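> The structure's right below; bear with me while I get my questions together.
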């Protein structure tokens, strides 16, 4: 079954409903057109056949009714109260009712903004059909904390099977914004969001990990309170859906986790002039060249000015036109690296619109060092070592309790000596019956990337995976792997492009990962080659790990191997059939370690199914001393592979325990550290020392 449009009344019927809705990195569609859905995705009229006609008909009906606000008898809304999660953290009680007050988008900041986080209203819906009947002017059943995952304790809901949901809030627009554009921003909503302002449908977005902006100028009133309703559809791994979900599952089990539905990142409004910046692409290299493209809502080549600051001093500036590349140089820049994370503030003006941003000067490439293909940062090779990181929190799931908690994990890894983290496939999809390099398959809030930029932590960013290697029975009774059909594969590619365009300006991003362990990867042909080319075209400044783990057919810059019992990194005699040794690409141990240790019951995720799955861990050590010794043996073996062979990158599983997994450096609640810090720091330094002895020869790019 193909992925169906979430809101059947989404087809545009009237040019007067001019909707400006975009993902950062996607084209803004300035007006509705009969062949365009409000998500900004062109749709072939023949693609959905009867569905398209039905969509047309229902939209006509909606256009007649949406805006007629019917008053209903007042209902009693259950007040917000934080639910007790199966496990809390040291920050759980500090969350309060005004979470995440920070400006959410540091790469493209405006000074005039208003935070909409806090207490909203929520109620569940029963089907997609409910989106045709918005509850305008009605109180909803419960209060909910925004941002949060509906399944989390912090939300106040802690729901299950939250496939269809309504959210409601009221907000005012400052009088001083009258005559200006009013932009509504969402950090991320999982998975499809249809937004209504004052009784009118204002926009739609598909994709659970990405920022999106809706121009709501024509719908808001600066002299009165404004009502916003958001209908969210999150199918996760429901029957018939093959969408980017990471490790979320409707029925969690061991390595697959509780899902996250709803508005899980910050919401805010801001003001801008009629012609405003929609996206800023900004990179700077080790030679001092700045490459900037300022995208505008009109796309008509408006004059832009860019200035780069070192403290209060302007060290470089240029003028040019919007919507095309602008190149200029800064003399003798201080380079960005994990050891010296130098950042420069940047200002951009387009007419009356002024944007604050920042950049770091660094060059990422690959080259031959001592006869081995290596990853290079600013022309130099250093070994890259870090942890697998799921990005999950026991109290907030996808949403960290606050910025302090979010940064805690990063500081811990940095202090331990890691210069890389693989942040893994971290959305658990529910099954529906009926320097630090972050290697990640969850997309974090923008402030997380800002923290990595500031701390000098490199990030390897994964595309959230499709459904991983699940099977179903076909019409002939044969068990077959669930893989995307053509439409679903195209949607995966579209969201991959959104991911790259949204994050490519962060200096800490080091590489992109397309597939993990074959999850959702079609093998009847090899789509990773075309997807790698697309990513390279969108962002030629970074490396690509096309297939992390297995089903490696030679695409991308890395030869990536996953092997837990012992590392097999860059070694021709240890490679497995699905990930053959390839001396022409960078050798990376994409995952290894994963040693388990059950500290004590009070630090476990208090869910019986999760507890029952603990023994699925391939190795559980009886005490922490044994766990540290076994870790030392594996790290020593990796050192040998760095010293003797072609190993350039290693990823240890994992930063913290998650639900039924007890193999973290810390427990899930972040209260207990398993690591013998002296031993681990020595072993990590040993990896860097082994690599440094291989770098005496000059590199060739």
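All residue numbers here begin at 1 and follow the chain in the order shown.
A Cβ is built for glycine as well, from the same backbone N, Cα and C atoms used for every other residue.
Remember, predicted model here, so these are calculated numbers, not experimental data.
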> Among the residue ranges 56-76, 77-97, 98-118, 119-139, I'd like the one that TrEMBL describes as region 'Disordered'.
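Of the candidate stretches, TrEMBL labels 77-97 as region 'Disordered'.
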> Taking helix as H, G and I and strand as E and B in DSSP, count the residues of the domain 'Glycoside hydrolase family 2 catalytic' (447-555) in helix, strand and coil.
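Each residue of the domain 'Glycoside hydrolase family 2 catalytic' (447-555) counted once, the result is 39 helix, 24 strand, 46 coil.
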> Could you break down the residues of the domain 'Glycoside hydrolase family 2 immunoglobulin-like beta-sandwich' (278-362) into DSSP helix, strand and coil, giving a count for each?
0 helix, 54 strand, 31 coil
> Restricting to the same chain and to residues at least six past its boundaries, which positions have a Cβ under 8 Å from a Cβ of the region 'Disordered' (77-97)?
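Same-chain residues near the region 'Disordered' (77-97) but 6 or more away: 118-119, 121, 139-145, 152-158, 393-396, 400-402, 404-405, 603-607, 610, 668-671.
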